[in-house]
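**Q** Here it is, the structure in full.
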């Protein structure tokens, strides 16, 4: 090899190292590599039609809301009085749009009025039907994540069904824990009589709990939702953290915007609450999918194995983003 060629090869390798091609953790990627990631992220959001995919997924999740609430009431009734659920949900005002709170509260009230039969004779059949219906929304979300990670669905029917049911049940369990923490922690803080500090904790705790639940839920979703070899936890952290922060800030701002500037009922009449909920779900999904795209492109930046288990060479890792190296910024 000539000296000139050796020099060019060395320069190329040095340039690739400067872009983070050998990074074993996201924070090892230097600034030049992050410029590549952000450049590809901008293009992928457009090429993957994130807005359109989020809109389609919104339809299925909107259909899944009421069955999910029915299942939530049934499961919550096993550990507490379902009548108190509406009050717990109302405590989320300011963090979730009022239209969402009102719609959920009305549905919970209707379900509680009929819970005499729903929680006794028809409990098993009712909860199974509700879980199956809510599960369709989770599967639609999995399809959207496959688009973000450039994957096709490869899981068999039963494996996909089991995975989506686990997420459905997990989501309901998270909701039950969230409702109890949001109402229980302030009561404990007030009982301890912590004064000004206690009042501050009561104010910020709902946001902190909501953020923690969102962060954990997104990390689980990004790791197990797409049909691919599982990435190591560190390769889903950045997108999970970013999406959780953006979603919480957006949700608070969207709630404020709806309460101060926009009245969907004036335009859509009785459908105003549904439209408000639909817009909130759509924009929330957009944030979730951009977080998935960010994780995918971070993983796409390195040539190192990002999947769990022993290191494997490129092309044999069972995930497109792990088996390929993304283009550099021109």
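For all residues, glycine too, the Cβ spot is worked out from N, Cα and C.
This is the feature table in TrEMBL:
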COMPBIAS  1-19  compositional bias 'Basic and acidic residues'
REGION    1-22  region 'Disordered'
TRANSMEM  59-79  transmembrane segment
TRANSMEM  117-135  transmembrane segment
TRANSMEM  156-189  transmembrane segment
TRANSMEM  201-223  transmembrane segment
TRANSMEM  235-258  transmembrane segment
TRANSMEM  270-292  transmembrane segment
REGION    304-330  region 'Disordered'
**Q** Per DSSP, how many helix, strand and coil residues does the region 'Disordered' (304-330) have?
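**A** Its residues divide into 4 helix, 1 strand, 22 coil.
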**Q** Quick test of the contact rule: Cβ under 8 Å, at least six residues beyond the ends. What residues does that give for the transmembrane segment (235-258)?
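**A** 26, 93-99, 207, 210-211, 214-215, 218-219, 222-223, 264, 276, 279-280, 283-284, 287-288, 290-295, 298-299, 306.
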